[in-house]
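Novice: One structure, as C-alpha cells, below. Some questions next.
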Amino acid sequence: RSEVQQGYYLHLPSYPYSSTKLSKGAQTAAGKHTVTITGMMGVPVLCVVVLAFICQSHSLEIQNLLYGSKRSQENVLLDSNDCVSRTEQQQVLTNSHNFSVHIRMPGVTPDGSDTYLCMAFPVPTNQDAYIVDFIPHASMDTVHHMLLFGCQTPVSTSSYWDCGSVQGTCEDEASIMYAWARNAPPTKLPKDVGFKVGKSSGMSYFVLQIHYGDVSSFRDHHRDCSGLTLRMTSKPQPFIAGIYLLMSVDTVILPGRKVTNADIACDYTSYPIYPFAFRTHTHHLGKVVTGYRIRDGKWSLIGRQSPQLPQAFYPANKEVNVKYGDTIAARCVFTGEGRTSKTYIGGTSDDEMCNFYIMYYMDSKHAIPYMNCMETGSKELFQHIPAEANVPITVSPGYMNSMMHMGHSTDHQDNRKLLDAKKAEQILDQGDLYSFMSKLLGQSKDIVHIHKYKPSKIQRAQTELVAQIDSLMQNKDLSSPSATLAFQTREDPILVRDRVHKFHQLEATAKPPRSKLLAEGQDYHLEQMLTWPQSSLQLGQVSGLAIDSDSNLVIFHRGDHHWGANSFNSQARYQQRSLGPIQQSTILVVDPAIGNILKASGRNMFYLPHGITIDKENNYWVTDVALHQVLKVSSDGSDRTLLALGEAFTPGSDNNHFCQPTDVAVDPETGNIFVSDGYCNARILKFSADGKYLSEWGAGSSDRRRRIPFRVPHSLVFLPDRQEICVADRENGRIQCFIAETGEFVKEIQKDDFRGEVFAITYSPAE
C-alpha cells in the first residue's frame with residue numbers, strides 16, 4: 001500500500017511485483033508480472049479506494065483488486081529500480097468509467113541477443129472494456145520491438161517466458177493490438193474508437209512480447225521494466241478498432257538489382273472499415289512501403305512511409321474507407337545493392353520482410369479484430385499503381401541518429417550507449433514474419449522456421465510457410481480428432497478465399513507444362529483466365545463448388561459471415577447465432593463462359609456454409625458447420641429444404657448428429673447419401689435417399705496394425721463406374737477409397753505432390 005506521484009495502486013493478488021526486497025513470504029513469487037490500475041487522486045488512499053469501488057461497481061467488475069491485510073502491509077513498492085516507480089505521471093480517473101492499466105516486464109535480463117520474452121496479464125474486468133490509448137515505456141537502446149496481443153488462453157499465466165522458443169504466445173488465436181519499434185511515439189485512437197477486450201471479445205488476457213536485440217546493452221546487469229500503459233474505459237464505444245496486415249511471403253531480391261518490388265493485394269469482402277493509422281515494416285533493404293485502396297480502378301493512398309523511420313502507427317489518409325468489393329493493395333520497394341546473394345523473406349537480418357499494417361475502426365455490430373492478406377498481386381493490377389509508390393524516401397544518417405536518441409528517458413535512468421549502425425545491422429529481426437506469425441498466433445510449434453533453411457531449400461520452405469501461416473491464421477488444429485466428441489475449434493484455410501479462378505486447359509506452347517493433373521504423356525497445362533469473371537461476383541469466403549446438370553458452375557459462399565477463432569466454443573457449439581443467418585444469396589449459379597450470375601438463392605438459410613454437391617435431379621446437398629447439419633435444398637429458387645439430417649446447432653457423434661460435417665456425395669443410381677464428418681468426428685456416414693441411417697466407418701488400411709484414423713475427412717466424391725466412395729483425408733495428406741455398398745477399404749493414394757495435405761477431390765472416369 002503506497003502512494004507514488006499522488007496515485008494509488010490496486011494490486012492483483014496473484015500477480016505481485018517482482019523485487020529482490022520482497023518479504024520472505026513473497027520471495028517465491030518474484031519474477032511474476034505487474035499490473036497496475038491507476039485511480040483517482042488527491043484524497044487519502046483508503047477513502048479513494050472505497051470511493052472508486054463504489055463508483056465503478058455498477059459498470060466495471062475488477063477482479064480480486066482488494067487483497068487481504070497481510071498483502072497490503074507488504075512493502076511491494078521498493079526502490080527506484082522497481083517497474084512501477086519508473087512509470088510516468090499517472091492518469092487521473094475523470095469519471096467512473098475510465099481507468100489505466102500499466103503492463104510492464106518485472107525487471108528482466110535476457111540471457112542472450114535476440115531474446116523474445118512474453119508476459120500475460122489478465123484483463124482486469126469480467127465485463128467488456130475498451131482500450132482507447134497506448135503509451136509505450138521503452139527505448140530502442142534496449143528494446144528492439146514490442147507487441148501487444150489479446151487472446152483467451154496465453155501459454156502461461158504465472159510468470160514471463162521465452163516466447164522465441166516453441167511455446168509462442170497463446171494457445172488459441174491471438175490478435176495484435178499494438179506494435180512499437182525504433183522509438184515510435186504513442187498511438188492515439190480517434191474519439192469513440194477502442195480495441196474491445198473482456199467479456200464478449202474472446203480476449204481475457206493481454207500478452208506483452210518484447211524482443212531484446214543486442215544483449216550487450218545489458219552488460220551493466222540492469223533489469224528491464226519496459227512495457228505499456230493502456231488507457232481504458234468500460235463505456236461502450238460506437239466503433240471497434242482492428243488490424244489489417246498485408247504481408248509478402250514469396251519475394252526474392254536479386255543481388256545487385258537496384259529495385260525489386262513486393263506486391264500484395266486482396267479483394268475485401270466484409271463490412272466497411274475506416275483506416276486511421278498505418279505502420280510499415282521491412283529490414284534494411286526496404287526503401288518505401290505504400291498501401292492503397294482500389295475502387296473502380298482508382299488507386300487511393302492509405303499511407304506511405306520509409307520503413308527505416310520509427311516504426312510507429314502514422315495517421316492514415318482520412319478520406320479513404322474500404323468496403324465490400326474494394327481491393328486492398330501494398331507495395332514494398334527494395335534494393336539488392338550491396339548484396340552478393342539472393343535475399344528471401346525470413347527472420348534474420350540477412351533476410352527481408354514486407355509488411356503493411358492498417359489500423360482501422362468499424363461499426364461495433366460488425367467488428368472484426370484482425371484480418372490479413374498474403375496474396376501476391378498480379379502484374380496486370382500493379383501496372384496501374386501510382387508512381388509515388390516507386391519513389392524511395394531518403395532517410396539521412398544524421399536524422400536516423402537523432403531518432404535513435406529520442407528514447408523515453410523516464411524509463412531508463414542511466415545513459416547507456418546506443419547501438420551503432422554496425423550493431424543495428426546485426427540485429428535479428430524476427431518480429432514480423434517468423435516471430436510475428438508464431439507468437440501472434442500462439443502456434444509456433446507448427447510454424448515453419450524459414451530462417452533455418454538454406455537457399456537451396458527456400459522454394460519448398462516458402463510453400464510450406466504459406467500453407468502453415470494460412471493454417472495458423474484460421475486456427476487450424478493439426479491434432480488427430482477422436483472418433484468421439486473431441487471438439488476443437490478449427491477453420492479450413494483453403495476455404496478462406498474471396499474469389500473463384502477459372503482455368504483454361506491448353507495444349508503446350510513454348511511454356512513448360514505446369515500441371516501433372518492430366519494423364520501422363522499428354523502435354524497439357526492449365527492457365528488462369530484473368531478476364532473471368534467479366535464483372536465482380538461479390539463473394540464472401542468461398543466454401544464449395546459444383547457443376548449442375550446444365551454444366552453451369554454453382555458457387556456456395558459465406559457472404560458476410562466468417563469462420564474465425566471465436567465462431568465456436570470448446571464444445572464446438574456455434575457462438576455467433578446472434579448475427580442471424582446470412583442475408584445474402586449464398587448459392588450462385590454462374591455462366592462458366594463469362595462468369596455472370598444466372599440464378600441466386602440461399603438467403604437467410606445458412607450460417608457457415610461448407611460443402612455442396614448436386615444430384616441428378618439438380619437438388620443441392622449442402623453442409624453447414626455452424627448448424628452441424630446436412631441439408632437437401634431445392635434448386636428452383638424457392639429455397640425449400642427438402643430434407644434435413646442432424647439437429648440444428650447441436651453437435652454430436654451418434655447416428656442422428658454431426659459435428660461440423662464437411663461434404664456430401666450422392667450415388668446417382670440408388671440415391672444413397674454419404675457424409676464426411678468432419679472436423680470433430682472422424683468418419684463417413686451412409687444414409688438412404690430418404691435420410692435413414694445405414695452405416696458408418698472410419699479410415700481404412702491394408703495393414704490393420706498400422707491403421708491411421710482420419711484427420712479431418714474434408715471432401716467426398718462418388719465414382720459411378722467403380723461404385724466406390726473416395727475421401728480427401730486432409731491432414732493425413734491422402735485419398736482413401738471404399739466400396740460404397742459395404743464401406744470396405746479399397747486403396748490409398750498418397751503423393752509427394754500433395755505436400756502433406758489434400759483439401760478437395762473430384763473424379764473423371766477417363767483413366
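Even glycines carry a Cβ here, placed using N, Cα and C.
All TrEMBL annotations are machine predictions without curation.
When I checked TrEMBL for this same protein, it listed these features:
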type	residues	note
BINDING	H144, H145, H211, H281, H283, M353	Cu(2+) binding site
BINDING	L545	Ca(2+) binding site
BINDING	R558, Y679, R730	protein binding site
BINDING	H610, H714	Zn(2+) binding site
DISULFID	C83-C225	disulfide bond
DISULFID	C118-C163	disulfide bond
DISULFID	C151-C170	disulfide bond
DISULFID	C266-C373	disulfide bond
DISULFID	C332-C354	disulfide bond
DISULFID	C659-C680	disulfide bond
DISULFID	C726-C737	disulfide bond
DOMAIN	102-215	domain 'Copper type II ascorbate-dependent monooxygenase N-terminal'
DOMAIN	240-385	domain 'Copper type II ascorbate-dependent monooxygenase C-terminal'
REPEAT	601-636	repeat 'NHL'
REPEAT	650-690	repeat 'NHL'
REPEAT	709-741	repeat 'NHL'
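Each of the listed features needs to be described in terms of its position in the shown structure.
Specialist: Of all the Cβ atoms in the protein chains shown, 24 others lie within 10 Å of the Cβ of H211 (Cu(2+) binding site).
The number of other CB atoms found within 10 A of the CB of Y679 (protein binding site), across every protein chain shown, is 31.
For H610 (Zn(2+) binding site), the Cβ neighbour count at a 10 Å cut-off comes to 29, with all displayed protein chains included.
Other Cβ atoms within 10 Å of the Cβ of C225 (disulfide bond) number 23 in total over all chains.
In the shown protein chains, 25 other C-beta atoms lie within 10 A of the C-beta of C118 (disulfide bond).
All protein chains included, C151 (disulfide bond) registers 24 other Cβ atoms within 10 Å of its own Cβ.
Here the Cβ of C354 (disulfide bond) has 31 other Cβ atoms within 10 Å, regardless of which shown protein chain they belong to.
Under 8 Å from some Cβ of the repeat 'NHL' (601-636) lie the Cβ atoms of residues 492, 495, 543-550, 554, 556-558, 561, 563, 567, 572, 574, 576-577, 579-587, 589, 642-652, 657-666, 668, 671, 673, 675-676, 678-679, 715-716, all in the same chain and six or more residues away from its ends.
Each residue in the repeat 'NHL' (650-690) gets a DSSP state, and the totals come to 0 helix, 16 strand, 25 coil.
The list of residues near the repeat 'NHL' (709-741) in space but at least 6 beyond its ends in sequence, with Cβ under 8 angstroms from a Cβ of it, reads 478-481, 483, 490, 492, 611, 613, 662-669, 672, 674-679, 682-684, 686, 697-700, 747-750, 754-763, 765.
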Novice: Given the protein binding site residues R558, Y679, R730 in the record, what is the largest Cα to Cα distance, rounded to whole Å?
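Specialist: So the binding residues stretch over 21 Å, Cα to Cα.
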Novice: What is the three-state DSSP composition of the domain 'Copper type II ascorbate-dependent monooxygenase C-terminal' (240-385), stated as helix, strand and coil residue counts?
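Specialist: Within the domain 'Copper type II ascorbate-dependent monooxygenase C-terminal' (240-385) the tally stands at 7 helix, 74 strand, 65 coil.
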Novice: Quick check: of the recorded positions listed here (H281, H283, C332, H610), which one has the Cα closest to that of C680 (disulfide bond)?
Specialist: H610
Novice: List which of the recorded positions C163, C332, H610 have their Cα within 10 Å of the Cα of M353 (Cu(2+) binding site), in sequence order.
Specialist: C332
Novice: C163 (disulfide bond) has how many other Cβ neighbours within 10 Å of its own Cβ?
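Specialist: So the Cβ neighbour count for C163 (disulfide bond) comes to 29.
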Novice: CB neighbours of C680 (disulfide bond) within 10 A?
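Specialist: I get 28 for this one.
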Novice: When the number of other CB atoms within 10 A of each residue's CB is tallied over all shown chains, which of the disulfide-bonded residues C266, C332 has the maximum?
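Specialist: Sorting the candidates by Cβ neighbours within 10 Å, the top entry is C332.
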Novice: Limited to the repeat 'NHL' (650-690), I'd like the whole-number average of pLDDT.
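Specialist: A mean pLDDT of 95 is what the model gives the repeat 'NHL' (650-690).
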